[in-house]
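Please read the structure below before turning to the comments.
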Amino acid sequence: MNKYKRIFLVVMDSVGIGEAPDAEQFGDLGSDTIGHIAEHMNGLQMPNMVKLGLGNIREMKGISKVEKPLGYYTKMQEKSTGKDTMTGHWEIMGLYIDTPFQVFPEGFPKELLDELEEKTGRKIIGNKPASGTEILDELGQEQMETGSLIVYTSADSVLQIAAHEEVVPLDELYKICKIARELTLDEKYMVGRVIARPFVGEPGNFTRTPNRHDYALKPFGRTVMNELKDSDYDVIAIGKISDIYDGEGVTESLRTKSNMDGMDKLVDTLNMDFTGLSFLNLVDFDALFGHRRDPQGYGEALQEYDARLPEVFEKLKEDDLLLITADHGNDPVHHGTDHTREYVPLLAYSPSMKEGGQELPLRQTFADIGATVAENFGVKMPEYGTSFLNELKK
């Protein structure tokens, strides 16, 4: 008999809670995503997260301890060697990643692009982090006139290749992306995802077509999601979760346009009758505010998210469990534009916790979440991680 019929796992993308013990190895000494945002805002207003025990993990400006937190609380340390989204999420579901995925804030190395040019017979232009629409405005006309390939990246571990469908036929663009995928499996490039970005239209009026194709990496082993799916449990992936695991172990995928849309979809799944896992990633914190080093926007987004939690609390049933965590840090007042190596918060709440919660021991790996989910549903336990299921008292 499952202790909880439904588990709702929410990953607040990049919401770290202070430097990890190994932060120095990553150039991240002093990083503190929520703490620095709270200082910048002169106090963060997150009353619902505070009720769950956020301030009991650590007090910050505006975020205080409460005498009787509704849920259980602690922080988790990442065991894997990366600090990117895929590494964090894969570890949450029971895998360790020894080779970090690479990000390319200065563009890709010349030797990689030389090899790609040689193997495809087409010249490469761009080679920098950019938004997909802006790069088309800048280079779309040149691409059409020369038949070259627009290669660009983002703050994530991606290599994107854009070409006009009438200049580079789709079949050829897909072949080119497969070549890029092969080349970037090399450890020194290790890119999480290669994306074909075809477009149409005229200069000044280009649009990306729905013929996008992703060449992702499958997780390097079986995750708890695979075990759930194979045992006929539901695994509902909301936001970019399905992309992060390349669809592995997912039974239903709900796309999102924003954090608020993500919260809407979470409420939708709360209204669904299912047995298994609902897994949401809220990416705006990271993509719109962390990488852009915008502490004000980040703080406002955290407060907006917090204001949606009462809808979630209201719909949770006695045999539901809500788990809230993050996948890495991205301190908006830290140097650079990259993620930061931090502890992440963990909050666990169910309406059945009539006496409220208390502190859980510090988690030595994000995989403790996967182990807890696996134990709850009686599926094969991941190789890594220690379940805290029995520490959650009703």
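Residue numbers in this text run from 1 along the chain shown.
Backbone N, Cα and C atoms are what each Cβ position is placed from, and that goes for glycine too.
Quantities reported herein were computed from a predicted structural model and do not represent experimental measurements.
Annotated Mn(2+) 1 binding site per Swiss-Prot: Asp13, Asp327, His328, in sequence order. Neighbour list (His328 (Mn(2+) 1 binding site), Cβ cut-off 8 Å, at least 6 residues apart, same chain): Ser14, Gly16, Glu78, Lys83, Asp84, Thr85, Thr87, Gly88, His339, Thr340, Arg341, Glu342, Val344.
Asp286 (Mn(2+) 2 binding site) falls within a helical segment according to DSSP. Of all Cβ atoms in the protein chains displayed, 26 besides its own lie within 10 Å of the Cβ of Asp286 (Mn(2+) 2 binding site). Residues or ranges marked as Mn(2+) 2 binding site in Swiss-Prot (evidence: sequence analysis): Asp286, His291, His339.
When the Cα atoms are compared, Asp327 (Mn(2+) 1 binding site) and Asp286 (Mn(2+) 2 binding site) turn out to be 10 Å apart. In this view, the densest Cβ surroundings among the binding-site residues Asp13, Asp327 belong to Asp327, judged by other Cβ atoms lying within 10 Å. Here the binding-site residues are His291, His339, and the one ringed by the most other CB atoms within 10 angstroms is His339.
In sequence order, Val11, Met12, Ser14, Val15, Gly16, Asp84, Thr85, Gly88, His89, Asp286, Ala326, Gly329, Asn330, His339, Val344 are the same-chain residues whose CB sits within 8 A of the CB centroid of Asp13, Asp327, His328, the residues recorded for Mn(2+) 1 being left out. For the pair Asp13 (Mn(2+) 1 binding site) and Asp286 (Mn(2+) 2 binding site), the C-alpha distance works out to 6 angstrom.
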